[in-house]
Amino acid sequence: MVLTHGKKTISVPVSKLETILGVDKRALAVFRFFVGFIGMVDILERWPDIKAHYSDEGFLPRAVVADNYWNTNWFSFHLMSGAVPFMQFLFLVNIVICFSVMIGYRSRLSMFLHYIFVLSLQARNNIVGHGGDVYMRVISYFAFFLPIGSVWSIDSAFKRNVLRRETKKYNITNFASFAIILQIFFLYVFSYVHKTGDEWRKDYTATYFALQLDYFRTFAAEFALNFPVLLKFMTVGVLYYEGFGILLCLSPVWTAPLKIIGALGFFMLHVGFGLFMRLGIFSPICATGSLLLFPTYLWDKIMDRVRTKERCDFQIYYNGRPGYIMAALASTFFLLPEVEVGPAPSSSDEKESRLMDGAASESIDIGTPHGNWIITKDHKGIRHTGVKALASICRASPLLWPISRVLEIRMVQYYLKKSVDFVERTVNKVRDEILVVRPQSPSLETNNHHQQHYYQNNHHQYPVLESIGGSVPDEATNHYYRRLNRKVRFIKMSKHAFFNVVALASILLALGWNCNTVDCGLPIGLPPQLNWVLFSLRLDQMWSMFSPRPPAIHWWYTFEGELDDGTQMEMWNNEGLFTWKGNPAPYSREKPYPYAPCIGNHRWFKVYENMNTGGGYELIRLGMGRWVCREWNLRHQGNERLHKFNIVYRNEKQHLDGTRSPLNDIVLWSHVCYEKPAIVAPTIPPPPVTAAPQQIQQNEQQQQTQQQTQQTEQIQQQA
């Protein structure tokens, strides 16, 4: 932890227990940003498949979900409607929530809403889910119990009525931090326990088989396959680092350095996974979780590199609400940890009045209404206002210094001034409740001068920022300690205690569940009576990726159909189920190249994988058949309509020598889109038969004989 008073930096060591079981607030801030970012990217990736995956027009309607893929302890407001516009609305709300998590606006509430939306979306269609989705929901759950918005967030930017440089204890050590660290360890330890195949434990060929998988393999994997010895070392490294890498994070000696090495190892493990394999959000979200393992010692070292003389001597003062907003955002998000930030001096100060009037420096720019929102003073003593003040802030920032030169261009300054004017008009129209808090009126500074005097006399307990000119009290400190009355402290302590108890109980439930899924060697298990709690919170998890061994079977499909006019058509190859153009006969039944585009994203991969190996596969095949018929016939009319088709599963086995042997093809499903009307043949009279001449004479004689007999009978009756 680093304490700063004035311009002097004093390092206070963090205990070994805090290093092992604690989480740094700056790590939480970076973690929060990437959780929101990955969640947003995931929603955008799902967006094109809303109709196919989440509506009643797709392959998994709500009725099928409710009857066959549902747990009574789940909930999902994505099941409220099966209409595509409704799902698009929920996706837009989800994107807004993810962005709120990123910037840290109402951080804890935003993380809770993010967690709720993750649960709801996954319950709507768990056919397309994978390990990355499981990790997203469990890590978001435990992050809710931690102060994820303490630094580098909108919350931290506006949580003081008057900005000031403050001291902070960045390390957090409690049951909640202990729980989230354990959850991170569960991923690796139980993944190690599940890997029991000879490919992992004896032959060390697991990496070879994993990188041979057609869909997952990247260009880097194709290169690595040329080095079989390297692949064996990679297998050993992955297996045993997953199982025992956590010991580096728990070492009682050289605690901080070894934990940095351990955290870096886990982080690079997921970087390697993402480099060699297409795993969707699994690699980035797991790498994000490993950021929480980096201790305070590392973050202090990073911030020490940022803390230069130029930045320590830099000062930011603001006027009014717009200036307050700009100063708060700049000091929070531009990584200016040692910059003095405070309200502009009162007009009674003669020296600072000259600053406000523009006489102190040629850089003063007060020709526009926003000219005095921000006043900066750099390490050379040069003062700036307006757009030039913003340029000086960028120049001092370790993140934005490259664009400072651009902001010094006159044309850029002109349009930036126009933009700032627009922002000023907009901000004035926005209600005060939109912001987290409102900056305190300068008139209250005088009313609380005696409290400021008290804190200054006890600066060893309450370090404060030196006032400008020595006459303006630090009202931020006054306000902060005034509001920490007994009632607030009691509520705060009760909330923290509740969060810690719930987090501890939850991680114990997760431990019991994980031990139920595999023989972990511990006499621990979750009683069946508590399963409903775990399913309600969706803490059910199973880290069995590529376990007990990576698959050695490669598969692909052919969707072989017949159109209304009898034309034979294949619809899976060449991205046929995305373009809906099809492949007329004669078509190839060989594995397509490139292979991955025919499947689509990793959500579609799970659909095809579950269609041939997962539980309830017949319902998935039926749903897929109905969806293909609807989508094809929606785009084709007349004789081009799809009448029927077969889903044919084709596969081959991978061998260690690099060869593959074909296996038997299987017709997984035969689907008829519609019944054709039966064709009834017209009735045709039999052709006349031409008799022989003798037969004709005999017929004539018989007719004459019959006529004579009838006439004789009539005469007798008359007589």
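Just so you know, glycine gets a Cβ as well, placed from its N, Cα and C.
The domain 'HTTM-like' annotation in TrEMBL covers 20-298.
The transmembrane segment annotation in TrEMBL covers 86-105 (among others).
As annotated by TrEMBL, transmembrane segment applies to 134-154 (among others).
Residues or ranges marked as transmembrane segment by TrEMBL: 175-193 (among others).
Long-range contacts of the transmembrane segment (223-241) within the same chain: residues 188, 192, 195, 199-201, 204-208, 211-212, 265-266, 269, 276, each at least 6 residues beyond the stretch ends and with a Cβ under 8 Å from a Cβ of the stretch. The transmembrane segment annotation in TrEMBL covers 223-241 (among others).
Feature annotation from TrEMBL assigns transmembrane segment to 253-273 (among others).
Here TrEMBL flags 279-299 (among others) as transmembrane segment.
Below 8 angstroms of C-beta separation, residues 138, 141-142, 145, 174-176, 178-180, 182-183, 186, 524-527, 530, 533-534, 537, 539-541 of the same chain, each at least six residues beyond the ends of the transmembrane segment (496-513), sit close to that stretch. Here TrEMBL flags 496-513 (among others) as transmembrane segment.
According to TrEMBL, the region 'Disordered' annotation covers 684-719.
Annotated compositional bias 'Low complexity' per TrEMBL: 691-719, in sequence order.
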Averaged pLDDT score, the domain 'HTTM-like' (20-298): 93
